[in-house]
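Below is one structure, written out as C-alpha cells; comments come after it.
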C-alpha cells in the first residue's frame, strides 16, 4: 500500500527585506510566481494533499499556488511566532493522519522533487525526522547539521556553535520530513524558551530523539536550496534557473549560439535541432518546433513556430501568433493573434494582427492590418498565394481572395475577390517643369528673408 503524504508549504512571511507591496512568493521567476515553482516540485513527489500556510496577500498566494493536479488548502497564520508555529497553523490537515509530512518553503523556487523523495524514503526506512541539508563552501550563518554514526544529533545555530561545529559545512536548508503519525505530538512539544520567544521547527530533532525516535539528514544540491529574501537574490535565482533550463534544452538537441543571452519562460518548449540566436526572449506559452530558426533580438510570447519556419531578427510574436512550416516573419515585424500559412512571408516592417495569411502569400514591407476601430477588434483574411504590395493598409474587417494582388500603397477597405488586382490609392500625375517653379519660388522667399536682416 502506498504511503500517504501531506506537504505543508510555509508562505506567510512578511517579506520585509524584499521591499515590496506584495508577498515575496508572488514575485516571478521565469514568468511564474516562485510559489508555483515550489508547488510543481511538490506535485512531482506523489503527495496526497497540500496545506499552504499564508499570511500577507493570502488570497493571491493561494491562487498562485493552485497549479492544478493537487488539492491545496490554505491556512492563515495570524501571528509570526516561528516555523514551528507556522506548521501548526495547518493542524487540521495534520490531524487527518498522513504517513508522511513534508515541510517546504514558498521561497525556494529552484527546488526539485529529488530531495523531497529522498526525505520520504528516509521516513519509510523508519526515521521520525528527516532534515534536508546541503554542503556549502560558505556556511556563514546557516545552522550546522551535527551527525554521528549516520544519525542527526542536532541542528546547531551558528551563533551557538563551537569552533569545531562551525567547521561543519553540511547545513540546514529548513526543509524536512516528519513521521505523520507522530507529527502533532512532536510539534506540540516545541517550546518557545528562547531569546525571540518563537517556536522553532528545528527543535524537532532533539525532541524526537528524547522520545526514542531517530533523526537523519539527506543531502541536496546547494543550488536547489537557495532561498529568496531580497531583489538581489531574486535576480540571482533567476540567473540560476535560466542556466539550468538552457543547459537542459541544449542537452536535448537545441542549438543556442550564446546561451547566456537567451531568456526562457517556465513553460517554454523548444524542439530538437531548433536554432536560437543571441538575445532572444521567450515569454510564457511558447512552443518552438524542431528545426525552427529564431534569429537574434526577437521577443516571443504565447506563440507557436512550426519546424522550418524562421523568425526575426528583431521580430515580435505576441499571443496567438502561429507560424506554419516554412513561413517567415522577418525584421521589425509584429504578429498578434495571426496565423501565417505554410511558406507565407512577412519579411519587413509589418504589423499582422487578428489575421490569417494563406499558404504561399507574400506581405510587402510596411503592410499593416488595421484591426482596431477604437472600440472593437476586427479580422483580416488573406487567401493563399496572394501578393500584398508594400506600404498597404488593410482595414478590417476585410477578405482578400486566393491569388489576388494588392497594389503598393493601397488602403483596402473592401473585399478583394480571388485573382483580382486591387488599387486603393490616388492615381499618379506628372506635371512637367513644375518642380523648377516650386524650387525657384522657395529660393526667392529664402533670399527675401536674408535681405530683411
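Keep in mind that glycine also has a Cβ here, set from the backbone N, Cα and C atoms.
Going by Swiss-Prot, these are the annotated features:
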ACT_SITE  348  active site, proton acceptor
BINDING   10-13, 24, 77, 82-83, 105-107, 143, 157, 172, 229, 318, 336, 351, 362  UDP-N-acetyl-alpha-D-glucosamine binding site
BINDING   107, 229  Mg(2+) binding site
BINDING   365, 371, 372, 390, 408, 425  acetyl-CoA binding site
REGION    1-231  region 'Pyrophosphorylase'
REGION    232-252  region 'Linker'
REGION    253-453  region 'N-acetyltransferase'
Largest CA-to-CA spread of acetyl-CoA binders 365, 371, 372, 390, 408, 425, angstrom:
22
Other C-beta atoms that fall within 10 angstroms of the C-beta of residue 390 (acetyl-CoA binding site):
17
Looking only at 82, 106, the binding-site residues on record, which one has the least crowded Cβ, with the fewest other Cβ atoms within 10 Å?
82
From the Cα of the residue listed as 'active site, proton acceptor' across to the Cα of residue 365 (acetyl-CoA binding site), what is the distance in angstrom?
5
Run through the Cβ atoms and count how many others sit within 10 Å of the one on residue 107 (Mg(2+) binding site).
27
Given the binding-site residues 10, 82, 362, 371, state which is nearest to residue 107 (Mg(2+) binding site) when distance is taken between Cα atoms.
10
Neighbourhood of residue 425 (acetyl-CoA binding site), C-beta criterion under 8 angstroms, separation at least six:
407, 409, 410, 411
Rounded Cα distance, in Å, between residue 318 (UDP-N-acetyl-alpha-D-glucosamine binding site) and residue 371 (acetyl-CoA binding site) is 15
Which one is it: of the binding-site residues 10, 365, which Cβ has the fewest other Cβ atoms within 10 Å in this structure?
365
Under the DSSP assignment, what numbers of helix, strand and coil residues are found in the region 'Linker' (232-252)?
20 helix, 0 strand, 1 coil
Of all the binding-site residues here, 229, 362, 371, 408, which one's CB has the most other CB atoms within 10 A?
371
Taking every residue in the region 'Linker' (232-252), the average pLDDT works out to 98
On a simple 10 Å Cβ count over all chains shown, which one of the recorded positions 318, 348 is most densely packed?
318
What residues, ordered by sequence, lie under 8 A Cβ-to-Cβ from residue 157 (UDP-N-acetyl-alpha-D-glucosamine binding site) and sit at least six positions away in the same chain?
143, 202
So among 13, 82, 390, 408, all listed as binding-site residues, which is physically nearest to residue 348 (active site, proton acceptor)? Use the C-alpha atoms.
390
